[in-house]
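Asks: Structure in structure tokens, see below.
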Amino acid sequence: MYVKKRDGRQERVQFDKITARVSRLCYGLDMNHVDPVAITQKVISGVYGGVTTAQLDDLAAETAAYMTVTHPDYAILAARIAVSNLHKQTKKQWSLVISELYNYVNPRTGKHSPMIAKDVYECVMRHKDEFDSAIVYDRDFNYQYFGFKTLERSYLLKLDGQIAERPQHMIMRVAVGIWGDDVERVIETYNLMSLKTFTHASPTLFNAGTPQPQLSSCFLVDMKEDSIEGIYDTLKTCAMISKMAGGIGLNIHRIRATGSYIAGTNGTSNGIVPMLRVFNNTARYVDQGGNKRPGAFAIYLEPWHADVFEFLDLRKNHGKEEVRARDLFLALWIPDLFMKRVEQNGQWTLMCPHECPGLADVYGDEFEALYEKYEKEGKGRKTVKAQKLWYAILEAQTETGNPFMLYKDACNRKSNQKNLGTIRSSNLCTEIIEYSAPDEVAVCNLASLALSAFIDYENASYDFKKLHEVTQVVVRNLNKIIDINHYPVKEAHNSNMRHRPIGVGVQGLADAFLALRMPFDSDAASKLNIQIFETIYHAALTASCQLAKEQGPYATYEGSPVSQGILQYDMWNVTPTNLWDWTALKADIKKYGVRNSLLLAPMPTASTSQILGNNECFEPYTSNIYQRRVLAGEFQVVNPWLLRDLVEMGLWSDAMKNRIIAEGGSIQNIQSIPNDIKALYKTVWEISQRTIVKMAADRGAFIDQSQSLNIHMREPTMGKITSMHFAGWKMGLKTGMYYLRTQAAAQPIQFTVDQEALRATDDRVAPAHSGLKKRSPPAGTYTSIVLRENTSGPRPYAQTGVSGTSTPIGTRDVPTPASTPPPTEVPETLVQSDNRPRPLVSPAKSAGFKADLPEPESPKALATDPIVKTEDIGSPLLERKEGQNEDVDEDSQERDENIYSNAPLSEQQVAACAWNPGADPSSCEMCSG
């Protein structure tokens with residue numbers, strides 16, 4: 001049997017040659033568990049006459065990827081085979097690739113169609129020797145397979161459908177696209193990105209260096225006017241933004257409600273639903289940058305709007321199609337007054353913004369005074385029980401995961417842009433809180449820090465110094481993007497130049513905890529969570545202050561809280577730790593100002609975290625075993641940290657894999673796994689949601705925008721969701737909830753799981769082991785990042801006289817802080833029955849949180865509601881095909897009763913909980929369950 005080589009020659013298939021090729025790519029991997037011969041055997045079984053060497057490489061990579069469930073190093077080996085294959089099909093010299101991309105001629109039109117901007121091409125030609133020599137192609141071999149396939153699918157530039165770039169080419173294109181002729185900055189950015197310490201957001205990776213470099217991720221749009229002209233002008237704005245790969249947050253608070261008078265035509269309004277269906281179709285039609293991602297609009301509405309009930313039904317799977325808009329994402333912009341009325345079981349008046357103007361333009365006490373004035377004047381459309389509307393919100397969230405929940409007053413009170421006016425919405429992913437207006441489209445450029453890259457494995461500590469320095473580089477990059485960005489609409493350009501907000505996020509917080517052997521819900525993790533975000537906020541302000549010293553503060557700086565010496569943690573009434581010298585930083589800000597109005601905005605990082613091989617943003621792992629889908633098929637992936645631990649303890653086998661699958665990705669009920677390992681690998685479904693919300697509030701004091709906080713509930717009920725929302729609101733969160741994530745009520749039958757093997761794993765007992773060991777760095781991890789030494793810059797801000805951590809990074813013009821101590825002391829030990837010391841892996845469990853406790857009722861039934869017995873529909877009714885009337889008769893289910901009135905006294909406390917961190921949660925039904 002023959003194989004066809006890339007030059008067209010044919011050669012007999014040789015088993016040893018394939019094995020040798022795979023073996024050459026196994027450097028640095030654990031050869032006790034990685035078997036090149038096993039891969040070759042499976043590849044040979046799939047060989048056919050005339051197969052090409054490229055196809056053999058694809059088959060070998062897919063084979064290694066399928067073996068990832070055996071050991072995580074197979075994911076790196078699979079990527080190396082795929083990368084090696086790509087390297088054979090692409091040019092090595094980056095300047096030649098750029099020349100080819102710039103000189104591209106469209107074969108259909110015969111016209112010059114450059115894929116690289118002229119100024120970028122000319123810059124590369126001027127500095128090609130420096131840029132070409134700076135690229136380290138070996139770094140391509142440290143991606144995991146699924147991260148590399150993500151790059152292949154959407155990020156690497158293609159010529160006539162064939163990939164022309166390598167991953168290192170893309171990173172250098174991004175660096176040059178941002179910094180141009182500043183060679184030192186280019187190489188600094190290239191090195192930090194290629195070493196996987198941070199990544200820019202997807203639009204930046206897509207478009208940097210191209211003829212239309214639209215590098216921004218988020219756009220916040222305000223309706224231009226409540227008129228046909230205003231609505232369709234806004235629609236065009238949304239289409240232009242979506243065309244350029246931007247996600248959109250649109251507020252419609254000021255669009256008149258159904259039945260409102262229209263003076264121009266002497267008619268009445270159809271309300272917001274028909275209008276939103278037009279926006280829905282635009283989102284479907286105008287995708288983000290040539291099918292890279294679908295168009296995405298989030299629609300924000302305040303809950304006093306008279307069409308709010310119809311709004312909540314837009315994404316439901318049942319009901320009339322003409323009143324549905326399932327491609328839009330829904331969000332509520334909730335004033336505190338509404339939460340108070342729900343808590344008190346009070347009345348809530350629905351109003352039309354045309355008849356009760358100004359409500360969207362004020363917040364806090366001013367909003368409450370105006371709203372109550374309209375109530376007293378009888379201008380409302382309809383008065384309902386606040387809990388009736390609350391029930392409708394929870395019902396929609398249970399069915400669809402929407403609407404998102406953001407608290408208007410917290411967003412405005414704790415914003416550094418409060419001097420600009422009332423903020424009316426967030427963005428698509430609920431982490432951007434910026435001022436928008438009819439003549440201003442708010443914009444945000446994003447990047448995320450890979451928190452797992454700053455682990456000092458040698459000392460089992462966290463390297464805050466390195467994190468501080470890299471954060472400053474990220475801030476400078478994002479600030480530069482504001483100036484070189486191609487804006488889809490002039491309103492976005494005007495806004496970004498005036499206020500200069502940026503969004504620094506994170507990914508891999510869960511990986512950082514696992515690398516340091518900290519359970520997600522431990523005291524040590526809670527402390528590290530605060531210190532990480534305190535470090536990022538301090539570093540971001542440091543860099544922005546230095547930029548202001550060089551270039552001046554942003555145009556609307558005067559009158560902002562920061563200009564008055566008020567930082568984000570001051571607005572939360574929080575005192576920072578002694579990790580950094582905030583007094584000196586405030587003194588410098590008072591002297592020079594800051595260049596950017598907003599700095600931190602932890603975003604979801606869905607795609608970029610997959611590229612870098614991290615868990616998403618600040619979330620726990622959702623499962624310890626899951627599916628990854630690529631064009632080649634579906635692959636099972638096991639949490640790589642868990643897999644290494646189980647392999648080292650001799651517990652990993654097919655039977656163990658099947659047991660974890662049978663447990664839905666959990667290891668908590670597997671007797672053979674030690675308890676400290678179980679504590680380390682709790683999934684998000686097994687961690688108290690109170691812990692998740694509390695950690696969000698802890699880091700919130702150092703996040704001047706907001707955060708994309710998902711809520712996970714295994715079996716959601718109205719009582720649980722109510723508990724969660726009120727806890728977040730009381731703790732001062734800006735984003736109370738991004739998505740509500742739930743699990744299916746029933747698991748599918750697992751035909752592929754061997755039940756006999758499961759019983760075998762049940763019979764095994766946990767092996768004796770001496771507690772959690774210090775984790776060594778995984779394959780493909782860069783443990784030492786050394787750039788040029790810092791030669792200039794302002795004095796360090798960190799407190800001096802403390803012990804150091806790991807290898808420093810010297811970066812140009814970045815203030816290098818003094819070394820900082822590790823985040824936590826060595827854990828206290830407990831003595832087990834056999835006198836062996838064992839680390840304390842989690843604190844004592846506090847009183848249960850209602851949202852974490854199982855409840856037997858239907859997800860649509862409140863915890864205090866009686867369970868209603870339902871009857872089967874008789875066959876005559878089915879034969880007559882009678883439809884439901886729920887969309888015709890608005891009053892078919894009034895739900896006007898007090899949803900807690902018939903409950904025992906303890907259960908009536910659910911909606912009236914005054915939960916706060918100092919209170920005893922066990923005294924409250926909402927918190928204790």
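Along the chain as shown, residues are numbered 1 onward.
Including glycine, each Cβ sits where the backbone N, Cα and C put it.
Reproduced below are the annotations present in Swiss-Prot:
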{"type": "BINDING", "residues": "LYS5, ARG6, GLU11, ARG12, VAL13, GLN14, PHE15, ASP16, LYS17, THR53, ASP57", "note": "ATP binding site"}
{"type": "BINDING", "residues": "SER202, SER217, ASN427, GLU431, THR605, ALA606, SER607, THR608", "note": "GDP binding site"}
{"type": "SITE", "residues": "CYS218", "note": "site 'Important for hydrogen atom transfer'"}
{"type": "BINDING", "residues": "ASP226, SER227, ILE228, LYS243, ARG256, ALA263, GLY264", "note": "dTTP binding site"}
{"type": "ACT_SITE", "residues": "ASN427", "note": "active site, proton acceptor"}
{"type": "ACT_SITE", "residues": "CYS429", "note": "active site, cysteine radical intermediate"}
{"type": "ACT_SITE", "residues": "GLU431", "note": "active site, proton acceptor"}
{"type": "SITE", "residues": "CYS444", "note": "site 'Important for hydrogen atom transfer'"}
{"type": "SITE", "residues": "TYR738", "note": "site 'Important for electron transfer'"}
{"type": "SITE", "residues": "TYR739", "note": "site 'Important for electron transfer'"}
{"type": "REGION", "residues": "789-904", "note": "region 'Disordered'"}
{"type": "COMPBIAS", "residues": "800-809", "note": "compositional bias 'Polar residues'"}
{"type": "COMPBIAS", "residues": "868-884", "note": "compositional bias 'Basic and acidic residues'"}
{"type": "SITE", "residues": "CYS924", "note": "site 'Interacts with thioredoxin/glutaredoxin'"}
{"type": "SITE", "residues": "CYS927", "note": "site 'Interacts with thioredoxin/glutaredoxin'"}
Asks: Out of VAL13, CYS218, ILE228, LYS243, CYS429, the recorded positions in the record, which is closest to THR605 (GDP binding site) when you go by Cα distance?
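Replies: The smallest Cα gap between THR605 (GDP binding site) and any of the recorded positions is with CYS429.
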Asks: May I ask which of the recorded positions SER227, CYS429, CYS444, SER607 is closest to LYS5 (ATP binding site) if we compare their C-alpha atoms?
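Replies: Closest by Cα distance to LYS5 (ATP binding site) among the recorded positions SER227, CYS429, CYS444, SER607: SER607.
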Asks: Measuring Cα to Cα, how many Å separate ILE228 (dTTP binding site) from TYR739 (site 'Important for electron transfer')?
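Replies: Rounded to a whole number, the Cα-Cα distance is 32 Å.
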Asks: Compute all pairwise C-alpha distances among ASP226, SER227, ILE228, LYS243, ARG256, ALA263, GLY264, the residues listed as binding dTTP, and give the largest one in whole angstrom.
Replies: 35
Asks: To which of the binding-site residues ASP57, GLU431 does the lowest count of other Cβ atoms within 10 Å belong?
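Replies: So among ASP57, GLU431, the binding-site residues given, the one with the fewest Cβ atoms within 10 Å is ASP57.
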Asks: Between CYS444 (site 'Important for hydrogen atom transfer') and ALA606 (GDP binding site), find the distance joining the two CA atoms and give it rounded to the nearest Å.
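Replies: Spelling it out, the Cα of CYS444 (site 'Important for hydrogen atom transfer') and the Cα of ALA606 (GDP binding site) are 17 Å apart.
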Asks: Can you give me the Cα-Cα distance between ASP226 (dTTP binding site) and ASN427 (GDP binding site) in Å, rounded to a whole number?
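Replies: It is 21 Å, counting Cα to Cα.
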Asks: Consider the recorded positions LYS17, CYS218, CYS429 and say which one has the Cα lying nearest the Cα of SER202 (GDP binding site).
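Replies: Sorting the recorded positions by distance from SER202 (GDP binding site), the top entry is CYS218.
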Asks: Three states by DSSP: which one describes CYS218 (site 'Important for hydrogen atom transfer')?
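Replies: DSSP assigns CYS218 (site 'Important for hydrogen atom transfer') to strand.
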Asks: If I take the Cα of TYR738 (site 'Important for electron transfer') as reference, which of the binding-site residues GLU11, GLY264, THR608 has the closest Cα?
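Replies: So, of the listed binding-site residues, the one sitting closest to TYR738 (site 'Important for electron transfer') is THR608.
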Asks: Give the number of CB atoms, excluding that of ILE228 (dTTP binding site) itself, located within 10 Å of its CB.
Replies: 12
Asks: Using DSSP and collapsing to three states, where does THR605 (GDP binding site) fall: helix, strand or coil?
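Replies: Where THR605 (GDP binding site) sits, the three-state DSSP reduction gives coil.
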